[in-house]
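Per TrEMBL, the features are:
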SIGNAL    1-21  signal peptide
REGION    24-44  region 'Disordered'
ACT_SITE  Ser107  active site, nucleophile
ACT_SITE  Asp133  active site, charge relay system
BINDING   Arg147, Asp152  Ca(2+) binding site
ACT_SITE  His218  active site, charge relay system
DOMAIN    292-425  domain 'PLAT'
Amino acid sequence: MENPLCFSIFLFLCILIQSSARGQSLGPESFGRRSRAAETNETSQETRTRFLLFRGETDKGCQIRLNRSDTLQHCGFNSSLPLVMIVHGWLESVQFSPSHVHLIGYSLGAHVSGFAGSYMSRKHKIGRITGLDAAGPLFEKASFSDRLSPDDANFVDAIHTFTWEHMGLSVGIKQPIAHYDFYPNGGSYQPGCHFLELYKHFAKHGLNAITQTVKCAHERSVHLFIDSLLHADMQSTAYMCRDMDSFSQGLCLSCKKGRCNTLGYHTRQERQSKKSKSLFLVTRAQSPFKVYHYQFKIRFNQTENPVEPTFTVSFLGTRGERQKIPITLSRGITSNETYSFLITLDVDIGELIMIKFKWENSVVWSNVWNTVQTIIPWGRESLHSGLALKSIRVKVGETQQRMTFCSENMNDLQLHPAQEKTFVRCEANSETLKRKIR
C-alpha cells in the first residue's frame, strides 16, 4: 500500500443516517443543545441508524449495533489506534481516550460534530474536529454554543469553499469558526466551479448541470481534504492574511510565528486562545490542488504620467520553466512606487534562476506610443521614454526563500511596449545555480 498513513493507522467509522426525526421540527432550535430529559427519552426509542466500522481501503464495513459491545470485538475494533469519525452521529460505548478521536463533518455535519464535541467536553474533550465548508444558513453569526466553535475540541480546523452570498445567505459559513480557518481561493467560490463553467457541466452531467455547479464549490472542501491524504508529498500551504485582496498582492507569504499552516489532514495542531486564525491560499481546479506561491516586488522609476500596461513574466528554474504568465497590478503605475503582486505556479520549477519580464503590446497603446515617438523627438538624456525597471525582488512562500533579480543589461533599464527584459540572480551564488541546470 503506497500510503499506509491513510489506511493502516486509521479506523474509519462511517455513520450513515438512514432515518429522519418522526414528526419533529427542523427549525434552528433542533440543531442546538438539548435537555438531558430529551436525550434520555431519545435513547430509549428504536433507531434505524447504522454504524459501520471501516478498517482498510477494501473493507466494505462491519456494522456495530447499539448496546452490543460484542460487535466491537466481532468487527475487529482496536482501541489503541487513532479513530476518525465521519459524521453524522456518535458512539459512546467505546472505552478509549476521546483525545484520540478526530471528527470530520461536512456542511451540516460540521456543526453536528461541534455539538458532539461540546457534549463530550463536559467530561473529556475530543482530540480534533475538522469542519468541511460548514453550513451557513441558520449558523452564520450564531453564538459559540449553537455552531461549531474552537472550544468543541482540543483542536478545530475548518475549510471554507463556498461562502459566496446571495440575498444575505451563503451555502457555507463565512465567519471564522475554528482555531485555524482556511479560505482556499478566498473561500467564496472555487476554480472550475464558476457559473461560467456551466456549459462544461452540461456536457458532463446533462440536466443535472446546475445542481452539479452549485455543489461543486461546496464539495470542494471534501476533495481538498482527501487530496491531503492522497498526495502526502504535495501538501498545500496556507498563510495568515487579513483578506483575499491583500493575499492577492503577495503581502502575506510569511511563516514566522506560526503564520502559515498545512491545509487538510496534516494541519499543524496548535492549542491557542479562542481567537481564530484566518489563512488563505490559491489552488488548482483539480487534484492535485497544490500550487506554489511567489511574491513579486517591482519598483518603476522615471515615468511622469500614470500608465496601466499589461505585463507577462516567464520563469526559468533548476527543474523547469513557465512561459508568459499574465500579471495584474492593483493600480496604475506611477513614478518611484513599489508594487507587490502574487504569482502562482502549478508545478515546482525548483530555484528561480532567470526571469523574463515583458510589456505586452496592445493595438491601442502601440498606436499612441508610435505617434508620441514620431511627434516628440526624445533626446539622448530623456528619462521618460519607457519604464525604468532595475530589479525584481521575489519571495517564495513554500520555502520562505528571498531573492533579488537584476537587469541583465544594467546600461539599458528602459522597458518599452512589446519589449522583453531579462533579469538574473544578483546574488554571488547565481553562477552555482546556473551550473545546476547544465
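Each residue, glycine too, has its Cβ placed from N, Cα and C.
Cα-Cα distances to the residue listed as 'active site, nucleophile' place Asp133, His218 within 10 Å, out of the recorded positions Asp133, Arg147, Asp152, His218. In this model, the domain 'PLAT' (292-425) carries an average pLDDT of 81. Of all the recorded positions given, namely Arg147, Asp152, His218, those whose Cα is no farther than the 10 Å limit from the Cα of Asp133 (active site, charge relay system) are His218. For His218 (active site, charge relay system), applying a Cβ distance below 8 Å and a minimum sequence separation of six or more within one chain yields Ser107, Asp133, Thr161, Phe162, Val171, Gly172. There are 25 other Cβ atoms within 10 Å of the Cβ belonging to Arg147 (Ca(2+) binding site). Put plainly, the recorded positions Ser107, Asp152 were compared by Cβ crowding within 10 Å, and the winner is Asp152.
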